[in-house]
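What Swiss-Prot lists as substrate binding site is Ser8, Lys40, Leu73, Lys87, and the listing cites sequence analysis. The ATP binding site annotation in Swiss-Prot covers Ser8, Phe9, His16, Gly88, Leu89, Arg90, Glu98, Tyr122, Gly123, Tyr124, Val125, Ser126, Ser127, Thr128. The annotation site 'Transition state stabilizer' is assigned in Swiss-Prot to His16 on the grounds of sequence analysis.
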Amino acid sequence: MKAVCPGSFDPITLGHLDIITRAAAQFEEVTVLVTANPNKNSGLFTVEERMDLIRRSTAHLSNVKVDTWATLLVDYTTAHGIGALVKGLRSSLDYEYELPMAQMNRRLSGVDTFFLLTDEKYGYVSSTLCKEVARYGGDVSGLLPEVVVDAVKQKYTQQ
């Protein structure tokens, strides 16, 4: 079965990478799908930059590919014959947020959502928090893939 790991990934964190790696061990093919979230600002990285950082961070996973999509997620899964969505859950708050979307996606297309519990060492990690720490010169190594740490530092030194 093919699966999608959707998200804005601005930027990809080690928590995201852990979920993607675990999904890749369970599914024959995993597409990391960079989506535009209308509830979030335009972002630190462009969609193309995010896709490049994800490709570089997942290069060791032969069954992972990266794509982007700007409309309904279920339209992507239907168009590409994908039967599963994979989402990471850090806490019950994530579950409360993700459950109605999972139910709507199932209603619209029959796609199932698989929830993977985040490794406890990444339970507090979010792209937003990492950007906030990095913006003020804090150390985000151990929270982001190394290639992403370098890219984030470069972005903030340019501003």
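Any Cβ shown, glycine's included, is placed from N, Cα and C.
Mapped onto this structure are the features recorded in Swiss-Prot.
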residue : record                 : contacts (Cβ under 8 Å, 6+ apart)
His16   : ATP binding site       : Cys5, Gly7, Phe9, Gly88, Ser127
Leu73   : substrate binding site : Val4, Pro6, Leu33, Thr35, Leu85, Asn105
Lys87   : substrate binding site : Cys5, Pro6, Ile19, Asp94, Glu98, Ala102, Thr113, Phe114, Phe115, Leu116
Leu89   : ATP binding site       : Tyr95, Glu98, Phe115, Leu116, Leu117, Thr118
Gly123  : ATP binding site       : Gly15, Arg90, Ser91
Val125  : ATP binding site       : Thr13, Leu14, Gly15, Arg90, Leu143
#### Entry: For the binding-site residues Ser8, Ser127, the one whose C-beta sees the most other C-beta atoms within 10 angstroms
Ser127
### Task
Would you mind pulling the longest C-alpha to C-alpha span across Ser8, Phe9, His16, Gly88, Leu89, Arg90, Glu98, Tyr122, Gly123, Tyr124, Val125, Ser126, Ser127, Thr128, which the record has binding ATP, in angstrom?
18
### Query
In DSSP terms, helix, strand or coil for Gly123 (ATP binding site)?
coil
